[in-house]
Each structure stands twice: as C-alpha cells, then as structure tokens.
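Undergrad: Let me give you the structure first, and then I'll get to my questions.
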Amino acid sequence: MPSHNKLTAMAYNLLKGKKGIIFGALNSQSIAWKVAQRAVQEGAEIVLTNSPLALRMGELNALAEECNAPVIPADVTSNDDVQNLFTKSMEHFNGGVDFVLHSIGMSINVRKGIPYYENNYEFTHKGFDISALSLHRVLATAMKMDAINEWGSVVALTYIAGQRVFPDYNDMADNKAALESIARNFGYFYGKKNKVRVNTISQSPTLTTAGSGVKGFGGFIDYADKMSPLGNADADQCADYCVSLFSDFTRMVTMQNLFHDGGFSFTGVSQEVMESMGK
Ligand SMILES: NC(=O)c1ccc[n+]([C@@H]2O[C@H](COP(=O)([O-])OP(=O)(O)OC[C@H]3O[C@@H](n4cnc5c(N)ncnc54)[C@H](O)[C@@H]3O)[C@@H](O)[C@H]2O)c1
C-alpha cells in the first residue's frame, strides 16, 4: 500500500520530549517493534523491555541500537522485575515516563494445541498472568512508584475475541476480556489520581510470532481482510494509532477499547464473503 508507506515515512514530532517504555518487541514482525520505531521517529525517547527468555533470542539489540534505547529485562509475571524496570527507567530518564505500551500475550494451551474445553488450568493460570494480570501489575507498580507523569498514556493491545467467539483463539479470549476490563477499571483509578489514561487497541489479525501461533491463522487473516471494508490494519498502521494515543491530541480518551480493524467489528457480512459462500 504505497499511500500508507508514504504516510508513515512522514514525521510530525507528535511525541517530542516524551519518554516511554515499550514492552513486547520480539522481532521485526512484532507490533511493539513498529511502535518503538514510530515513537522514536516522532521524537520520543524510549526504554525497551522483554522477558529474559525473549532477550536471549538476541534480536532486540538491533532495535535498541536503531532507537538509541536501553534494554531492561523484565518478566511481567515478576513484581520485582517490573519494579526494577520502572526504577531503572526513571533513573535513565531522570524522571517519570509519559507513555507505556503493553504488547504482550502468551497461551500455553494455544501453543500445545489444547482445545478450550479441555484447557489445562496450570497453563491457563500462566497465560492469564502473562497476558492480562501483567497490565494490572505494570499499572499498580507504576502508580505506587509515581512513575507515570500527569496526562500520561498507557496502551495495551487486544483482539475482538474478547467480545465475540473465535473458537481457535482459545483461552486468550478470556485473557483479552480480562485485559480490557483491567484497562477500564485501572483507567478510572489512575485517571482520578494522576490524569493518566489507559486504553486498549483491538487490532486486526496481524502476521507476528504470537499471531501465527493461532490455528488456521492464514485463512483467518484472509477472512478478516474480506470482512473489513478498509481491509486488515497492519502493524505499521497499528503503530501510527498507538502514537496518536500517546500524543497530546487524545488526552481525554480513556478506559476505552478502541477497534483498529478496518471496520471488521461493525460489519455483519461483506459482499466478498457473501460471494464466496454462494460458490
Ligand atoms: N498478531 C495479531 O494478530 C494480534 C491481533 C490483535 C492483538 N494482538 C496482540 O498484540 C500484542 C503483541 O503481539 P504480537 O502479535 O506483536 O506478537 P509477538 O509474539 O511479537 O509479541 C508478544 C510478546 O510478548 C512477550 N512476552 C511473552 N511472555 C512474556 C513475559 N513473561 N514477560 C514479558 N514479555 C513477555 C514476548 O516475548 C513477545 O515479545 C499481544 O498482546 C497480542 O495478543 C496481536
């Protein structure tokens, strides 16, 4: 899509002077990877973080170099790691942060191909801790440490399976429903306390490591694309939207689940899908 590429090549200094923490860049396909690049293009300074396991894969260093950003490891299931991340980030920035991207998801049930109705609860607990409760942990730690500046912005990524059934999304559907609920509830308390806003972006299916772990993902991407009047939103477009939510132009938007899906969520059926059914 050349028109879109042209748009992302432009920079508007929307995040000039802002400082942020980006969770979840694993490789160049990751949505967080694109958000990091886009935020820096827009004038932000960032800290990158991921689990020690992901860091051992070694790809994040290339992004860190490109973005001139330190990498601070943190497993989001560990209170100590998250606290250490905020401590080190505040030392690095010499003060609080203005934005946080939560771009984290993992389900062992999905990975092992265990269907929803046979879920292993140990796996379910672990996936819930990583994918949903981690947002609470990040926000609660930041609030305790007063780590997010007034009018700061926190964005977490989610998927429409939090509202509607997509059978192969498995227990991640419950995790996303909880994630969105945590954003809404914490958004109330953090808004009251420090005018910090908290939102989720509900993104189109996107070809990434997490995305392609879901069974039948290729067919599903095509289906969503045909169902969306604008087509699927890609990772670069998601990064643009994240930047707009970190910017001062969206200061009164909070506690929302915002669909970034080319219109998928409100389309009953499309001409293309109807035609494919008739065949
Ligand atoms: N790809 C899609 O189709 C799609 C659609 C909608 C929403 N999302 C969401 O976007 C977010 C980012 O996923 P992605 O598609 O870029 O895939 P990705 O695999 O690149 O990112 C997932 C990240 O979670 C990190 N992570 C896992 N366990 C962790 C832990 N214990 N501590 C810290 N980090 C941990 C991984 O290291 C990885 O960087 C996820 O929340 C995902 O559910 C993805």
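Counting starts with 1 at the first residue shown.
For all residues, glycine too, the Cβ spot is worked out from N, Cα and C.
Keep in mind that TrEMBL annotations are predicted by a computer and have not been checked by a curator.
According to TrEMBL, the record shows the following:
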- Gly24, Ser30, Ile31, Asp75, Val76, Ile104, Lys176: NAD(+) binding site (BINDING)
- Tyr159: active site, proton acceptor (ACT_SITE)
- Tyr169: active site, proton acceptor (ACT_SITE)
Undergrad: Counting Cβ neighbours within 10 Å across all chains shown, tell me which of the active-site residues Tyr159, Tyr169 comes out on top.
TA: Tyr159
Undergrad: Return the residues near Asp75 (NAD(+) binding site), defined as same-chain residues 6+ apart in sequence whose C-beta is under 8 angstroms from its C-beta, sorted by sequence, else 'none'.
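TA: Asp75 (NAD(+) binding site) has long-range Cβ partners Ser51, Pro52, Leu53, Asp81.
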Undergrad: Where Tyr169 (active site, proton acceptor) and Tyr159 (active site, proton acceptor) are concerned, what is their Cα separation in Å, rounded?
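TA: Their Cα atoms are separated by 9 Å.
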Undergrad: Can you grab the distance from Ile104 (NAD(+) binding site) over to Tyr159 (active site, proton acceptor)? Cα atoms, rounded to a whole Å.
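TA: Here the two Cα atoms are 12 Å apart.
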Undergrad: Counting every protein chain present, what is the number of Cβ atoms, excluding its own, within 10 Å of the Cβ of Ile104 (NAD(+) binding site)?
TA: 24
Undergrad: Would you mind reading off the Cα separation of Gly24 (NAD(+) binding site) from Tyr159 (active site, proton acceptor), to the nearest angstrom?
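TA: Between the Cα atoms of Gly24 (NAD(+) binding site) and Tyr159 (active site, proton acceptor), the distance comes to 16 Å.
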Undergrad: Pop the Cα-Cα gap between Tyr159 (active site, proton acceptor) and Val76 (NAD(+) binding site) into the table, whole Å please.
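TA: Per the Cα atoms, Val76 (NAD(+) binding site) and Tyr159 (active site, proton acceptor) stand 20 Å apart.
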Undergrad: Sequence gap of 6 or more, C-beta under 8 Å: which same-chain residues meet both conditions with respect to Ser30 (NAD(+) binding site)?
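TA: Gly24, Ser103, Thr208, Thr209, Ala235 - these are the non-local Cβ neighbours of Ser30 (NAD(+) binding site), listed in sequence order.
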Undergrad: At the level of the C-alpha atoms, what whole-angstrom distance separates Lys176 (NAD(+) binding site) and Tyr159 (active site, proton acceptor)?
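TA: That separation, Cα to Cα, works out to 7 Å.
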Undergrad: Cα of Ile31 (NAD(+) binding site) to Cα of Tyr159 (active site, proton acceptor): how many Å, rounded?
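TA: Checking the Cα atoms of Ile31 (NAD(+) binding site) and Tyr159 (active site, proton acceptor) gives a distance of 13 Å.
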